[in-house]
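Scroll down for the structure; my scribbles are underneath it.
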Amino acid sequence: MAQALKKRGNELYVEGDFIGAEDYYSQAIAKDPHDPTFFTNRAVTRIKLEKWEDVEHDARAALSLYGKKDPASLKSSLYLAQALLALNRPQEAYDLTIVAYQFSLEVRNVQTEKLSGMLLRAKKALWEARETARLHEMDETLKSVEELISADLMRAEKELGDQLAKQEIGEVGYREDLRALREDAAKKVSHVREAFRISSKGDIQERVVPDYLIDGITFEVMHDPVITPSGTSFDRIGIVKYVEKAGVDPLTREAMSVKDLRPNYALKAASEEFLTKNGWAVDW
Amino acid sequence: MFANKRLSKELLKLQEHVPPGVSIAKSDNLEEWQMDIKVLDDNPIYQGQTYRLKFTFSNKYPIEPPEVQFIELPATSDTPRPIPMHPHIYSNGIICLDLLSSSGWSPVQTVESVCMSIQSMLTANSRNERPPGDSDFVAYNRRRIRDIPFVYEDDNV
């Protein structure tokens, strides 16, 4: 009986009738609240509907029904992480995804790739939060202006929610308007930041790591630069791996060994100075 | 290893800027990307065509080279992608290019620089032909690309 309801939900989902599908999955859950697939299917439907709190609820329900050691639970972790990011809770999303990612790697699950992508998205969201905090710390006025924009957005979102509740607008229109509101607010924030950046004459800058501090192999900031006989500096970890394997200079292809690498103290000092002033660059 | 981190940085850079005639066709994971390339001058062999390169990265990238080959999408698809004619490109898409072999690779190469090298390899070519022994190679080769002992003596094509 419950399975038949799920099947009907799946059919509607494929047809693109997400509201209908959600309803059938809810009926299936009412009949049998112990089948995790009912919850995962409703979660993915609710992702389509952008009902993020509900996605969180369903994904957590599925996760607890599956238990920690079932690879089938990894999909639910992915849905949960997606919901948490949408709900602006990147730290929780990151903590959860990193555990799921390790587990997925161990059991060689097909979700590994998606989880790794999700990790990057969570990291980016975390960085954005840190960036906002940093900018606000530097400039009180910027903080006030951005808070006004965000209060404005919350008010508009609430009005829109009320309209939906009174059925003055439909679900689809609601989601479209909501997205437009958020995009508009994000645009305003970026304009304001740009204006403040120009007027600050360089105090509030786009943060860029200078090319000469970036290792040509790992593309990271060099912590321990060494110089090759041909005069190019690399971070120790990458160049040692390469030279051990290839036995040549990566630019000139002349024979060389790890012993030919010399520390580049001047560059190291420059790199350390930069990192002291720009701690963020460590996980750039 | 640092493969993932390096690739995500390469991707960020590519999303900001790609060289002319190069575009990202698929980069939704850090194991396989597809890039579209065009030949920009008026070489008649490649005029008006777009070609699709497939990059496969191991977790040892960039210490080890990516596997790079052309892939074909049928002429009837929305985005037809033939295999370009070239005396160093087999009809199954395998490219005989020194910098893609284990011994010719350098970790300072990037997806962008490989695309540009292949672009210029096409630009400079005037022979509308496949490598000698193409049909045998396509029928019998089972080795991985980087392990094929290509001969690179023919530097003027």
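Residue positions begin at 1 at the first shown residue.
Backbone N, Cα and C define each Cβ position, glycine as well.
According to TrEMBL:
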DOMAIN    A:208-281  domain 'U-box'
REPEAT    A:2-35  repeat 'TPR'
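When Cβ-Cβ distances below 8 Å are used as the criterion, the repeat 'TPR' (A:2-35) is approached by residues 41-42, 44-46, 48-49, 65, 171 of the same chain, each at least six residues removed from its ends. According to DSSP, the domain 'U-box' (A:208-281) comprises 33 helix, 12 strand, 29 coil. Note on the domain 'U-box' (A:208-281): mean pLDDT across this stretch is 86.
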